[in-house]
Structures are given as C-alpha cells and as structure tokens.
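*Asks:* Here's the feature list from TrEMBL:
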TRANSMEM  413-432  transmembrane segment
TRANSMEM  439-458  transmembrane segment
TRANSMEM  516-536  transmembrane segment
TRANSMEM  548-571  transmembrane segment
TRANSMEM  599-620  transmembrane segment
TRANSMEM  1002-1021  transmembrane segment
TRANSMEM  1028-1045  transmembrane segment
TRANSMEM  1051-1078  transmembrane segment
TRANSMEM  1099-1119  transmembrane segment
TRANSMEM  1131-1153  transmembrane segment
Amino acid sequence: MIRKLLDWAVANPLLVMLATIGLTIGGAYAFTHVNIEAYPDPTPPIIDVVAQYPGASAGQVERQVTIPLEVALAGMPGLDTTRSQSLFGLAQIRNQFTYETDYWVARQEVLNRLASMKLPEGVEASISPASPIGEVLRFTLENPIDPATGKPVYTLNDLQAVEDFLVERELRRVPGVAGVSGIGGSVKRYEIQPDPDRLRHYGVTLKHLEDVLEQANANGSGDNLVQGEQTNVVRSLGLFGMGHDPQQLVLGIKDPVEAAKVLRAEEAKRCLELRQVVVSTINNIPVRVDQLVDGGPMLNADGTARVDDETLVAHGVVVGSKTRLGLASISTPATSPDGKPLLNAEGKPIWEDEEDVVQGIVLLYKGEKSLPALKGVLAKIDNLHESGKLLPGVRIVPYYDRTTLIDRTTVTVHENLLVGMALVTAILLMFLGNVRAAVIAAINIPLALLFAFGVLYARGKSANLLSIGAVDFGIIVDSTVIIVESIYRRLSHGEDAHLPLNQRIANAAGSVQRSLVFATGVMVCALLPLFTMTGPEGQIFGPMADTYAFALFGALMLSILVSPVLCMLFLRNVKAKPDSRFVRTIEGFYRTQLRGLLAVRWFVLTGFVVAVFFTGLVAAHMGREFMPELEEGGLLVRGTFPVNVSFDEVVGRAKQFRKLIQTFPEIRVIPTTVGRPNDGMDTGGYYLLQANLPLRAQDEWPVDPQRGRIRTKAELIDDISHCLGENFPGIPWDFSQIIRDNVLEALSGVKGENSIKIYGPDLDTLETTGMAVRDALNNVPGVANASVYRNQGQSNLEFPVDRQKCARWNVSAADVQAVIQSAVGGKAVTEMIEGEKTFDVTIRWPERLRADEQALLNIPVPVGNSTRPDMRLAMAETPFSGASVGLSPTGTVMDLPSATGSRFNAAPLSVEVPTRRLSDLVTPRNEKDEPDEHGSFVRPGASTIYREQGERFIAIKFEVRGRDLASGVADARTKVEPLIRAPYRAEWSGEFQQMEAAEQRLAHMFCLSMILIGIMLYLAFRSFLDAGVVLANVVAMGIGGVWALKFAGLYFNISAAVGFISILGVAVMNGLLMVSAYNGLRSKGVGLKESVLEGTGKLVRPILMTALAAMLGLLPAALSTAMGSECQKPLAVVVVGGMISTILCLNLVPVLYSFYGKRTPPAGAGEMGH
C-alpha cells in the first residue's frame, strides 16, 4: 500500500504540489479561525438546580426542598453523584453525570424531573446557568456622580433594575451566553408598613388588607364593542401606575441628575396611589391605606403626599428593597483624563473606592467557545452604550474578561512553537549537511500542524495551549526524517545511480516502508494511555491526544506523498559525497568509545543497574501532585468569618481588606463581594468575603524593596497571607484562582483545593469531629489554612406556636406564622408592573416594631369572633342615615356612625378587631421540645447542611504548601484516621482524590501499552531476548526523565506522566532499529563485535537527529516561565531529560546485545533497520 502511494506520488508531482498548496491555504485559514481556549474544561456534565425559599432556615430548607428534590432527581440515566447544600433561604442540588453523558440530554432529563415536582408555596426550582469554566466576564454598572453633592445619582434599586431587566436580557441574546449572575445592588419593592394600632382602631386585619391590595391592582377586559365599521376592545385599567415604565421616561434626558429626579417623582406617585386605595368603609366613609399605615395620612392641604424634600420617600408607604443577600464593592486606581495613573506624594497609586456597586458575571453554557462569545458580549455592551437604552450616565465597565488570559497564554505558546521549530530545523541541517534536505524534512512540521488544525476546525473543536504547545515536533517529524534521511543517504552515496531519479527516490523511500509502518504502530501503542485517558485528565489532555493523532497521521501521509516529491524536485543534483565532517566526527568518536565500553561490558552493566537502583529511589521519594497549577493571571482570596456574623460587620471588614490590598502594587483592581448573588447561583452567607483580584502583567510588577527584585507569585501570596493574618486574627483565608476554584468545587462539592469529608447523620457529632480533624491538620507540616465548613453556629430566633394557647383564643398556627412573616420579612401581596419590569408590593411592619425580640413578641395577632365593620348586616337601613344599630366586634348591639357622621347619631369608633400579642400565643422550648426554663427564644441552629448521595457530611478544607500533595496527605491521614469512629466515615476529596484516580487509570493503560509493544517486538524479532533489550532502552530513557524532574525541582504529576508516555515510542523505536541492524549484519555472517560497531555507527546520525529534534522541539517549553507554560512544563522537562539519556541508550543496547548476540538471529529479525 505504501509503495503504491510512493509510486503514484513521484509519478504525479504536479497533483501532489497542488494538494500541498491547498492544504497550506486551508490549514492557514483553520489556524486563524479555530477557536482558542486557554484551558480545557476538565469537568463532566454538571447540572445545578437552585431553589430559593425566602426566610426558611437551613433545616427547613433541607426537609421541605432539598430532600424532595434529591428523591425526584435520583436515578436519572448517567447520573454519577448528587450533592446538595441547604442554607438560609436557599437549596442547591448539584447533579454530576458521567463523562459519557451528553450535557444537553442530562439537562433535559433534569428539566423533565423538575416539571413534576411539588414544592412549598412560593418555591420554584430552576437550573443554574453556571458552569465551572463558564465565567468569562465581570463588570460593574458605573453610577454617575452628582457634581453638586458628590453622591451617586441613582439608587441601587435603579441600577439593579437596569441589570436585571435590560443588561441581562440583552446579553442572553448573545449566542453561547447562558445568563448573567448579579451580586450587589438591591431589588426594589414597594413596602406598605401598617400600624397595628391603626389596624385595630379601624377594625382591619392583615388578611383583609392583603386581599384588597391584590384586588385593586388589575386590568379587566370587556370583550369587543362593535361600533359601525369599527371594532374596539373594551378594557378597564386598574394597574398601579397604569403599568408605565418610569425609566422609559428618562431615556431622552441628557442630565443624569434630572433623570433621577423624574424617577423619584414617579415612585412618589405610585406610593401616593397605593395610599389612596380604599380598604373598607364605615357607613360609606372610606378607610384608605394611608389611614392604616405608620404615620397616618401624610397629605398636604392640596391632597398630595407630604414627603421628605431630600429623599422623596414618604412614611408608611415607601420604596424599599428586598433583604439583601450580598454586597459588591470595587477599588480602582485613579487616572487622569489622558489615562495616566495618579500618584500621591509618596509616589504610590491613588485608589478610588466604590463601596456599593452592582456587579454582573457573564456565564457561558458548557462547551461554548469563549472568544466568539466574548466578542459578541463586548459588541452588545458597546451597542447598549450607543443605543441610549441605559439610564443617562450609566455605563457598563468590565474589569475582568477571559480574553486577557487567552491572549497571554497564546503568545507564550506561539513563541515556544516558533523557537522549537527553528531549533529542530537547525538540528536537521547539522546532521544532514544539506540545506535543501533539512528544509524538506522540516517543512512537514508546519504542514502536519496545519493538517491537525484543519481537522480540528472541520470537527468544530477548540484548540488550547496544551493541544498546541505540548506536541513534540521531533516525534511528529520522525516519519519524515526516516524517509528523507534514507533518500538523501542513498543519493549522496551514489546508490542505484544507473536508475532514473524518480525510481531511485521511490526505491529509497520504499526500502523503509516496513520501518515506517512499524514505527507508526509502535508510536500509537506508546501513546495509547494518552488516547484512552478518562476523567478530568482525559478532558485536559484529550485535545492534545487529538492533535497528536491528527498531526502524526498528517506527518505520515506527508512523508509518503510530499517528501519524495520535494526530494525529486530539489535533490536532483545531489552527487555522491561522503558524510559531513560533523557526522563523521560524531561517528568516529562514538565507535572509539563504544569499542572501549565493550571491553568492560560487565562494568557498564553494573553501572546501569546502579543507575536504575538510585533512580528508583529518587522516583519512590519524588513528590506527587495531580496537576501543576495553571496560571490564570489573577488571584482569588476568600475569607470565612463566623457563620452568625452580621452583614454590616463583614461589609466593614471588606472595606478594611481593600485598604490592605491597595499596598500591593501587583494588583490591578480590587473587587470584593460579601454574601451571595441575588439569584442564588452561588452558595454562601454573610460570613463569606471574596475577592477576585486581577493581576498586572508580570513585566509591570515593580521591584520589591525588601527583596531587591520582583517577587514571585508564591511570595506575593505569602505576603498577602501574612498581612491578612495580622489584621484579621482568627479568620481563615484561602488563596486560589477563579477557574481552578470553580473546577475543584464542581468535582468535589467543596470550595478548596483539598478537603476531608466526614459522613454521618448527626450534625452536632459532625461538627465536633470536624473541629478535631481541623486541629489535627493544623499540626501537620506543610498543611496550611485548615478550616471547617461549619454546619452549625447559626443562631435562630424561634417562636414555637403553643397550640393550647391558640385554641383558647381561636387562632390557627397559620395565622401566627403569617403575622411573623409579614412583620419581619414582609409578604408580597401583588406586583407593581412598570413596563416589562415587575416589583413586589409588600406588607411589612415598620422597623421600630421589629427591631428586637421584645418588639416581635409585642406584635398583635388578630383573634377570632370578629365582625368587620364593612360587612353588610341584615338590618333595615335608609339611604340617609345608614344602619341605626349593628353588632359590635364583641357581639353586642351598638350604634354605628351615620353616613354623614353627625355628632347626633354618630357613635365612637368602637369597632376594633380583638387582638392578642404574639407572646400570648407562643411558648419557648428547648432542644428536648420541653418548655425552656429560662424563657429564651434564641436557639442554636444549622448554618449550612451538606449532603452527598443522600448522606449528611461536614467538610474540612486545607491546602498543602512547601511540600508535595501526596506526602502531605499521607502524613495527614495518620493524624486523622484515629479521630473517625463508626458509623461515621471519612473520604479525602479534591485534588488528591483526582490524583489517585488518575494515577490508577494511567497505570492500567501503561501496562496494557507495554504488553502491546512487547507483542509487537516479539513479532518483529521472534526473540524474547531482543524484545527485552529494546524494553531496557525504555528504562534508560526513563532514567533521564526522572532525573530531569529532580533537577528541575518539579513533582511527578499527570503532565509529567504524559511526558513519559511521549518518550516511550521514541525509546522503543531507537532500540528496535539498533537490534534490527545488529541482527541484519549477523544474518550476513558478520562477527558479533563488528556487527555491533558497524550497526551502531550507521544509526548514530538518525538516532541522535531524532532525539535532538524531539528534545529541542520542547526545550523552549521546558525553560519557559511565562504565563501558560505551567501545565506543559513537566511534560517538556521529562521529554528533554529522556532525550538527553539517548547517549546512554546508544551504549546500553549494544552492550546488552553483546552478551547473547553470538546466536544466529531468527529469520527476518534484521529487516527493520534502514
């Protein structure tokens, strides 16, 4: 087959060259248009379900939301693991599927299950748009400043409405964008704050007030009315504000201050409209909302609302906001109008602080391409600015986007590629001694890569820094080197000079076809572990395996079709001549030293055994990790405060945090968040302070005065950690990167690099055990920042309903709970529709009536047996006087006010609704459900309840610094295991768990690969001895890889393992060619020593050429320290070290062969040499 392709190629050079030009053009187009990602997504399909249950405790959320959702979602096809978190007002269920499951199929299955779910009233479960690496852009909404007051023009309600109802909706129209998660700001709502004394005085209950407000806010339809030739739709309009959007009224206003005044005036109108709603009547005298709210009727003489002139907010009916779940702030360096940074007297940057901003996070669907989506998002943002849809003066200001990361890593990879190709070309030139032959061999490198890019583009796949930068050119070009070297050697030595040139070239290329096929087969078997990787490592290195496969196939076809044609075109004038002086010198030196080594072969064998022994010791004690940390150009800092800390306290600490971070000039922007997003897409409470700190480019980092040089990132982290530790004693701080943190949390369910999960039923026991484990971890050398994700510690103010007391006063438990809900959190009774926006209209007690426990205990609760004064009584009445007598709320007959309210027939307003205080209907109880002897309603409760596969667990996260991960966890295990007692159990999670699983999978596939290679070697030689000598060559190359890692100060990880896999094929081929050459000479009757010397001497050039090409192809990656080089560096170091040990291979194989080579080789055992 190969010979036929060779003959066709040399017979049709024009077609081959046209096809090559087409490949170049198509590959170049694919190279410039293929999507580039910084790092591949290592996670399987993960579908997060989020359900918000406002006001519910963690325990209530677990019982009523989380567990039902877990049960409903269990048993889905492909579901691997279900994890959940239940915390105040929020349930998150993370469904992790197997890698083989299609993401969209899994998503649809989750949607199908949710459709049949029945959850508590007001609770809806939805799918989170977040994915572990889907966060591509963060922005804030810039609030213009009023020059007169120096304060922001718009309220946080205004900006939040812009983000929720405009920015998010517009950005979701960009292909690939799953959603926008916002944190900070406040969600507007209209609050009606009733006065309980006024409600009682006018005989109005909360339930009646709720019903009236709901009924007063609606439009109606009267069908069609035909009038002659025209048909009109009959409608009644009763919506508050007529449904108009106030923000649409200000879009044409240029001055933000004037626009804000219009917005405040429109809000005041709606508040006035709410005040005028009639709740009931007393003898045809309307009782309006403003007579029932705190402060009473706030009217001027002309009937307009009396308001605070500065804030335009009235009492009793106000524009408020929902309970805030989080707050975002940002500090940015101040700049002059021309963009230059402003410095203070000490020459340090001046920072501008925005204490309360609205922040948005743009999220992509899993598998979507970052760069096209980002371009679309940025274009949409520009369009929003230009179209005038935003409020006057408001701008969307991105402070983080993935483009920076992709651009920086792409530059690093391109530099390594270009330098590597140049070095490989130089090596080929040195050994071939002919510029044209070297160029012919080297040109296949870019052509093979263009072929690989073309296939990636055609398949719609993305490239990344691993799939591009970790491919070894020496390995790719190996097939080309075999053919070109054979052709050039025969032409330069004058072989077959009597034949036509095309026939000579076809014969020269055809003579190595068996070697070529076998070499490719060996390379495929060697790379089998890479092609069959699964789990996270498979996702990371899968694109690299694809690129390798496409590039190897492309290089093979190019070497068969294109290289012979190029040789025919450009080597036609090559005349017979000896090898270059450089090659002759190397061959001569090698023959001399090999002759000496053969004389002391036992000493050489002993040295090899000793080298293997010490290398084994080094390898056994070498540190292990899963993957080197991929540099993202940023720093994620997370501080965890006590779980029952107040919101305002952490907000103050966040301000202090930003002031401290401003002293580190390497930080570009300082955004902080407290709490969690309003949409519940991320879990956490007020205790969580996070900062995603973008770093400046390293060439912009200043010299650290204390060190006299630019500090490394690790030193920067140590300095920040020390600074925070001094200023926030007792607060644990975590340091990571945003993508890495999201990925590790997605895989393990815990925020942190590594964690221990302790499973068990009782939260108190879990908490106690977790604290003990944390203390043990803090005593392990190299283990840092160990802390517990507590499931207890959130104090609850609980009011147990006393059913006997309720029965005495004819009150239901639901009535008590409804009053508490309205009093504290507020109860939404209808919606204020403003164009496309909707805001809750909520009933909530004034703040003075819910300020503390005693105020809540004094909340009035209406009791039974009351008659509302507006109820129609079955008694005689006249249109003028109304009913003369009626029933009082207590059941006694009394006079009611007349319609005119004259002092002659009007009675006092003794129509009050009978009420009791909340304290009359509740009884404090302790943990044993017995009356509390101290009368306290404060009880300890759960903060966050973690579950996995239906079991509760507590997580203790930790980091390993200054030592390798494997040894750190091994020491930690000895300390932790005695603390875990049945029925509780522990599981090590995070990066360590992934490392162990990946190493086990790789070990199995490596063994299979070696077995297949052993079978191929036996089929080639029909000798176990020959096969064993070739495999010994693998060991020799492994020695170089191990010591290279040792001297580079790197740990063994999956990237290094891929490096060992990459050199496996080269080691086998080198040994195979040498043993085959010896056997070929021995089968011709040449003596053993002469066969070894002659056979090795002929192979010095091709072996050293391929080895040095493979080594120098990745040398730039091995030496690089730029952003994007971290993941491929261990791989490159192993390859470089393994290729350096080729010198050992050139001596080891002939020495080993000399011990048994006197026997007659099996038939055909010498046909693989060329």
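Cβ coordinates come from backbone N, Cα and C, glycine included.
Small disclaimer: the values here were computed from a predicted structure and weren't measured.
What's the neighbourhood like for these features in this structure?
*Replies:* Within the same chain, residues 438-439, 441-442, 445-446, 465, 468-469, 473-474, 477, 481, 484-485, 488, 582-583, 1101, 1104-1105, 1108-1109, 1112-1117, 1120, 1122, 1124-1125 sit at least 6 positions outside the transmembrane segment (413-432) and bring their C-beta atoms closer than 8 Å to a C-beta of that stretch.
Outside the transmembrane segment (548-571), and at least 6 residues removed from its termini, the chain residues within Cβ reach (under 8 Å) are 2, 5-6, 9-10, 13, 16-17, 19-20, 434, 436-437, 440-441, 443-444, 447-449, 451-452, 455-456, 471, 475-480, 482-484, 487-488, 491, 501-502, 505-506, 509, 516, 520, 523-524, 527, 530-531.
Sequence-distant neighbours of the transmembrane segment (599-620) (same chain, 6+ residues past either end, Cβ-Cβ under 8 Å): 1035-1036, 1038-1039, 1042-1043, 1046, 1052, 1144, 1147-1148, 1151-1152, 1154-1155.
Away from its own ends, the transmembrane segment (1002-1021) comes close to residues 518, 521-522, 525-526, 528-529, 532-533, 537, 1027, 1030-1031, 1054, 1057, 1061, 1064, 1068, 1072, 1075-1076, 1079, 1161-1162, 1165, 1168 of its chain (Cβ-Cβ under 8 Å, at least six residues beyond either end).
With a threshold of 8 Å between CB atoms, the same-chain residues lying at least 6 positions outside the transmembrane segment (1028-1045) that come near it are 608, 611-612, 615, 618-619, 622, 1010, 1013-1014, 1017, 1051-1052, 1056, 1059-1060, 1063-1064, 1066-1068, 1070-1072, 1075, 1130, 1133-1142, 1144-1145, 1148-1149, 1152-1153.
For the transmembrane segment (1099-1119), the list of distant contacts is 415-416, 419-421, 423-424, 426-428, 431-432, 469-470, 472-475, 477-478, 481-482, 485, 579, 583, 586-587, 590, 1048, 1063, 1066, 1069-1070, 1073-1074, 1077, 1125, 1128-1129, 1131-1133, 1135-1136, 1139-1140, 1142, 1145-1146, 1169: same-chain residues at least six beyond its ends, Cβ to Cβ under 8 Å.
Among residues of the same chain six or more beyond the transmembrane segment (1131-1153), those with a C-beta under 8 A of the stretch's C-beta atoms are 470, 472, 474, 590, 593-594, 597-598, 601, 604-605, 608, 611, 1029-1030, 1032-1033, 1036-1045, 1048, 1050, 1055-1056, 1058-1060, 1062-1063, 1066-1067, 1070-1071, 1074-1075, 1078, 1092-1093, 1095-1096, 1100, 1103-1104, 1107-1108, 1110-1111, 1114-1115, 1117-1118.
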*Asks:* Mind checking which residues reach the transmembrane segment (516-536)? Cβ under 8 Å, same chain, six or more beyond either end.
*Replies:* 2, 42-43, 99, 475, 478-479, 482-483, 542, 544-545, 548-549, 552, 556, 559-560, 747, 994, 997-998, 1001-1002, 1005-1006, 1008-1009, 1012-1013, 1016, 1020, 1057-1058, 1061-1062, 1064-1065, 1068-1069, 1072, 1168
